[in-house]
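Engineer: Quick paste from TrEMBL:
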| type | residues | note |
| --- | --- | --- |
| TRANSMEM | B:30-49 | transmembrane segment |
| TRANSMEM | B:87-105 | transmembrane segment |
| TRANSMEM | B:111-134 | transmembrane segment |
| TRANSMEM | B:141-161 | transmembrane segment |
| TRANSMEM | B:181-198 | transmembrane segment |
| TRANSMEM | B:225-246 | transmembrane segment |
| TRANSMEM | B:261-278 | transmembrane segment |
| TRANSMEM | B:283-302 | transmembrane segment |
| TRANSMEM | B:308-328 | transmembrane segment |
Amino acid sequence: MPDFLEALSVAKRYGGIVALSDATLKARSGEVHALLGENGAGKSTFIQILAGAVRADSGSITLGGERFAVRNPEEAQRLGVAAVFQELSLIPDLTVAENIFFRREPLSPLRTARAGAMREATAELFARYRFPAIRPDQELRRLTLAERQVVEIAKALARDPRVLILDEATSALAPRETEWLLGLSRDLAAEGKLVIYISHRLGEVRRIADRVTVFRNGATVAAYDTASVDDDTIIADMLGRQMERLYPERRNTTTGRIALSVKGLSVENRLADLDLDLREGEVLGVAGLQGHGQRELFQALFGAARASGAIEVWGKPRTIRSPRDALSGRDGLALVPEDRRNHGLLLAKSVRENLTLSVVKRFTRFGLTDPKREAKLVDDMIAQLRIKAGSPEQAAGTLSGGNQQKVIFGKMLLTDARILLLYDPTRGIDVGTKGEIFTLMRDLAARGYAILFYSSDLAELVHVADRVAVLRYGRLAAILEGAENSEHQILRAAMIDTRAA
Amino acid sequence: MTMIASEPGEHAARPPSAPARWRGWLLDRASLLIPCLMLLALLAVYGSMREGVFTLDELNLDTAAAMTLMLAATGQTIVLLRGGIDLSIGGMISLGTVIAATQFGDGGATTLLWSVLIVLLGAVVGMLNGALITVLRLQPFLVTLATWSILAGTALIILPIDGGSLPSGWMAFGSGSWLGLASPVWLLILLLAFWFWFKRTRTGIAIKATGSNERSAFLSGVSPLAINLWTYGLSGVFAALAALYLTTQTGAGSPTIGKDYILPSVAAAVIGGISLFGGRGGLVGTIIGAYILTIIGNLVFVLSISSYWQPIASGVILLIAVLASSLAEKSSRRNLS
Ligand SMILES: Nc1ncnc2c1ncn2[C@@H]1O[C@H](COP(=O)(O)OP(=O)(O)OP(=O)(O)O)[C@@H](O)[C@H]1O
Ligand SMILES: [Mg+2]
């Protein structure tokens, strides 16, 4: 079968930064085609070119045998290319239905949008593709990140595209919705559409992709049939080197000192009467089914949710009513939040400013900032996390998605707080860096940090955490340790009520 | 890789309890309810001091007095929804009145011709604002500050001091009435009809969407240039209409009168619940805001205190409105998370 989409030697630079140098991708209709690469490899830039949001400097693209040169998103949509962007393209002040039909509203004879028709069509679309339940007349800003992601997918599908591009669409989704999207992608391919699928989760890619194309530093380095290649080869192509191992060796560095002690913590009806001790030098995992109180636990500890109960930090009672209370010096708590784009970064500010904004004290002497010390802190952090930025002065908003996440991670590390609350810290981060983050976590623990760690990927908890606290209906269902800390045991504790049994 | 799957049905949103739903409903509409309550309170005070406040006559009078501001604020509302601001309406209003006062003459035909030309001029000036803002990527505040200055200067060249003359038929506009309602009230009804139509058109939706999130709107296929041409073009048109209406009231051209409408047009919109960050609010709120500002003027007059109290009272009302709606906004956020 001939290739439906053919992009040859596409290049794009932003000033001095080369985002793409030689990107080539050939894909057929009726297949799910995965696009893989490290953070900053150019995946999002490439699909933004396909979707008309960015214009390439050079290269040629054909779609269905015809030259494909679009100047804006509207033209791309008209030619049947619809994209679900990593940064979503939804309007907070419109309803779900209005968002889905934005710019394509069905019109009355007076040329006004027909709200009823839009609502019905939305319901129909949701039913046809078995969407998770979302009310079409809700305003978008009322929805959770995962729900917005689902609406964005609906918006792309409503255009009945020939090519559907999904840029890390599963990174914000709960497992059940992830399953749904994987199934949906296969169904769409079976309908004869081309699905271009970007993800850092090789497991997903293996399950649905017919072929993969790998980018490295803005250039295509390999393309395979998924069935004929193993993970190690793909990872080596992505990183340009063999990866030794994903998970670091786990040494128990726990001391007897209790860093954070929680007694009777409750958050509305989401978290009930939770007792938990986090020790110095320990990585304590948190697991549970979606919505069983993990998020509330992190928010309460960081002062972002109203909670009752007693919290002791390094042996001293502490009231945490706002993030300001939480973040105070060496005996404070630092959090990697869930919705990073909205809560974690100042997109228009530079990487340097984002990293150091909350820690100006560390390089201030006699009331004056010392740029040399600041530069050193920043350079060290950029090197340590391998943040891919042209310079420390690049605006954070122009970094690739994964690199923005690294900046937030770095910002938290610089705060000097020794209790770290990591809520899914590896989401959207490439495998290579994931391994580095795990190593870093274990090193920090060895240096006396105490880390509370939630991950949507169970394997990470099993391999990185010393103990895993499993939540069920907002209560502590079990604490698993040693040989007990396995995916199987975690699932058991999360699903079966061990206390009642 | 293993992920924990959630239980079926467990994720479905729990329906909120009845009182919580009411609370949410109220908080959602707080930015419109608050100005309504303030207007009612002001009317109650005003009504207790003077006879005949709750009559059609009073409605006719107040609407006639508020109409210039309402027209100017309609344009401003559209611009604020887009997330911008238009200071140039000050210059456009002045220029509109002096052109009318110097060019209308006596004939019906010249009056009509020049009216149309003034409205066209408003559109062109506005679109120029929009083009400069988009193409040069300049702040709306700065661009419209500059055009305000240019337009105001032009008005002064045409007519250095208040004066000129307008046809007597033109000035009779305000005294016309039908079914007990004066012509300004009918104009207001037309204005609202326009609004309820416009906000549902693709352009209207796109203006609001662009104010809500510019990048998302662009990714969805909205052309930034087209949207700014529409937004500021409409603002210019409404400024021109405000100028024309103003001349029916004053019977003269004034090269400096426009500046009196710039900040009040923003204030009326903000009192009416429009966010300066764009995307939220509507004309109904603005109209209520314009009435509030007008009634404050009436109150100052009835109390026969120094007219300097009027801006002070307006400022206090503005603060209350902004404070109340930001509090409501905050607690509705808290409701969510
Ligand atoms: N507007 C911009 N200005 C400057 N540099 C940019 C801009 N947009 C992208 N880049 C750079 O282009 C490179 C490629 O970014 P891109 O977002 O395509 O990466 P990606 O492969 O999608 O990564 P991730 O997996 O982290 O999402 C990055 O180094 C990024 O900093
Ligand atoms: Mg990306």
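Here the Cβ of each residue, glycine as well, is placed from N, Cα and C on the backbone.
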Engineer: Between the transmembrane segment (B:261-278) and the transmembrane segment (B:30-49), are there at least three Cβ pairs closer than 8 Å, leaving out pairs fewer than 6 positions apart?
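Structural biologist: Since 3 or more Cβ pairs under 8 Å link them, the transmembrane segment (B:261-278) and the transmembrane segment (B:30-49) do come into contact.
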Engineer: Report yes or no: does the transmembrane segment (B:283-302) come within contact of the transmembrane segment (B:30-49), defined as 3 or more CB pairs under 8 Å with a sequence separation of 6 or more?
Structural biologist: yes
Engineer: Determine whether the transmembrane segment (B:225-246) and the transmembrane segment (B:87-105) share at least three Cβ pairs under 8 Å, counting only pairs 6 or more apart in sequence.
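Structural biologist: Touching, yes - the transmembrane segment (B:225-246) and the transmembrane segment (B:87-105) meet the threshold of 3 or more Cβ pairs under 8 Å.
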Engineer: Mind checking which residues of the chain, 6+ beyond the ends of the transmembrane segment (B:181-198), have their Cβ under 8 Å from one of its Cβ atoms?
Structural biologist: 56, 59-60, 63-64, 67, 70-71, 74, 173-175, 204, 245, 282-284, 287
Engineer: Within the same chain, where does the transmembrane segment (B:141-161) have neighbours whose Cβ lies under 8 angstroms from its own Cβ atoms, ignoring anything closer than 6 residues to its ends? I mean 6 or more beyond.
Structural biologist: 85-92, 94-95, 97-99, 101-102, 125, 128-129, 132-133, 232, 253, 255-256, 258-259, 262
Engineer: Taking the transmembrane segment (B:308-328) as reference, which of B:30-49, B:87-105, B:111-134 has the most Cβ pairs under 8 angstroms?
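Structural biologist: Answer is B:30-49, with the largest number of Cβ pairs below 8 Å.
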Engineer: Grab the same-chain neighbours of the transmembrane segment (B:30-49) for me: Cβ-Cβ under 8 Å, and only residues 6 or more beyond its ends, written as numbers and ranges.
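Structural biologist: Same-chain contacts beyond the ends: 271-273, 275, 280-282, 284-285, 288-289, 291-292, 295-296, 298-299, 302-303, 317, 320-321, 324-325, 328-329, 332.
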Engineer: Apart from its near flanks, which chain residues at least 6 from the ends of the transmembrane segment (B:111-134) lie with a Cβ under 8 angstroms of it?
Structural biologist: 75, 84, 86, 88, 92, 95-96, 99-100, 103-105, 140, 143-144, 147, 151, 167, 170, 224-225, 228-241, 243-244
